[in-house]
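Here's the structure, in structure tokens; my notes come after.
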Amino acid sequence: MDFRSLIASSVAQDKDREFEVRPSSRGSWSCKEVDEFDALSIEYEPKPIEKYPAKLHARQVKKYLGLQEGLIYLPGLPSFNYEDSDMQPAFRQRRYFYYLTGVNFPDCIVTYSIHRDQLWLWIPPPNSGRSVIYNGSRPTAKEIMAKYDLDHVETLPHLDSYLTWYAHTEPGKIHVLHDYQTPNNVELQITRKNGSQSIMSESPFDSTKLEEAMNTARAIKSPYELKMIRKASAITAQGHINVLRGLRYLSNEAEIEAIFTATCIARQAKTQAYGVIAGSGENASTLHYMANNEPLKGRQLLCLDAGCEWDCYASDVTRTVPISGEYTEEAQAIYDLVAKMQDECIEMLKPGANYRDVHMHAHKVALRGLMELGLVEGGTFNELYMAGVSVAFFPHGLGHYVGLEVHDVGPGGMIITNRLFDFNRKPADWTDAYFQILSDSGINSGGGAILSKDMVVTVEPGIYFSRYALEEVYLKSPKYAKYINKELLQKYYPVGGVRIEDDLLITEDGYENLTTAPKGEAALKIINEGREQEEKRVVCEKAAESKRKQKKTWFW
């Protein structure tokens, strides 16, 4: 195959496409002016499909790579079956691949020529026979070109020869995310002439640069990506609202999960960004509780952490509410404290802010509140703060990036506070490791905690009463036990835990809250309106049943 001619042809087609579409600003199609007697010759131009901005994303990656030549090589997820089965799991595309294509079907590979600015998708050959009968036809190259922001679509059988050709004739390395994603069937070594001698050079593949460049690019959301996150957030909000409406007459955590997921599926959001967390009572103290199978009766609070995906983009929302529609004194105190933590931290968000500082402010607010409630005591605020006592009640990071992953990537990987957690550490070391953040100036290398315009992050403070954490770790440690009011804890264990979480877009001079799910008084109002409606429904049913009995008696 003549790849140079193919490249030249795709470049020409790319230039032609720039002038194909002229969308109207006043509707879904635009009309050319015609004489009223010439109506049969009316021409119109359909509104163009809004394509996923794959080329924009590829150019962003090029920018952060800092290279003017080379090739990016990214395989999508291959299709596969469960072990010892002929059934396939639900498909979930590799997110780095999706970021450069918007393509959400298996067995494809994308390449991007940095110096030619050419984005090519490599697809399996057309399927036929029983495969079509069972699974339908694969999209054709023509269909893909019409739908996606690509320069060319080619079939996979030509890929190996293309990569070999590229390695021998084009400048720069072939960049892969991971060594294991390097293609196996390519002539990896390049033979070059040095005078009369043939010298074998190094492999043309490089796995040291691409991941960090893509992480940095993915942290800054394009307008299209923000639109997807807003859509996911809107559907998620409706799921939370429907749970609130029915909460008073639900009996099990499983019903909460069912209502939320059904709401999302009915709105075409068929995938959850993560497993639904519907923890009631003390289950709310388990951060990633997902059993969702226990009764609600007799329990104070529900912590519902749930968010759907829309076209692979996540939302992440947590609401904590009283199951009865009314807070106990202890639950109200903890909810108010967490709400204060969140409100103050959100107000700190803006470009240039260090998320580490926001995170530590949450601990300061938490500690003051816990001291006022008498849950921690026996020292000054500064003494208790430097000891890290608040971590016993607030043991996780304040937030994370949101995007193609619910815990999305950014400069340096994930957001800075997540780097502190090593599940291999001994429990007694957790707090010491956590508070290294106060003194380790090097932990912010790579700028992962510095907020920038168009980042999306969560702010999700929480206060928890985990029996295991408190009784097996902190109360057994002389360093922390002296500060914790063990007797008062007994009153707060039934609260379980409170977490409140919103998704925030960093704007030019501050933030925008993308989360519209009700919280606080607005959530309570929905719960209690649901209770009133249920009570009216029961009264109506009883009245109808009474009338039926009266008619039956009269008839006989």
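Here, residue 1 is simply the first one shown, and the rest follow in order.
Even glycines carry a Cβ here, placed using N, Cα and C.
The Mn(2+) 2 binding site feature in Swiss-Prot is assigned to Asp305, Asp316, Glu501. According to Swiss-Prot, the Mn(2+) 1 binding site annotation covers Asp316, Glu460, Glu501.
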Reduced DSSP assignment, Asp316 (Mn(2+) 2 binding site): coil
Extra residues within 8 Å (Cβ to Cβ centroid of Asp316, Glu460, Glu501), Mn(2+) 1: Asp305, Gly307, Val317, Thr318, Gly399, Thr458, Val459, Arg499, Ile500, Asp502, Asp503
Fewest other C-beta atoms within 10 angstroms, as judged across Asp316, Glu501, which are the binding-site residues: Glu501
Mapped DSSP class for Glu501 (Mn(2+) 2 binding site), helix or strand or coil: strand
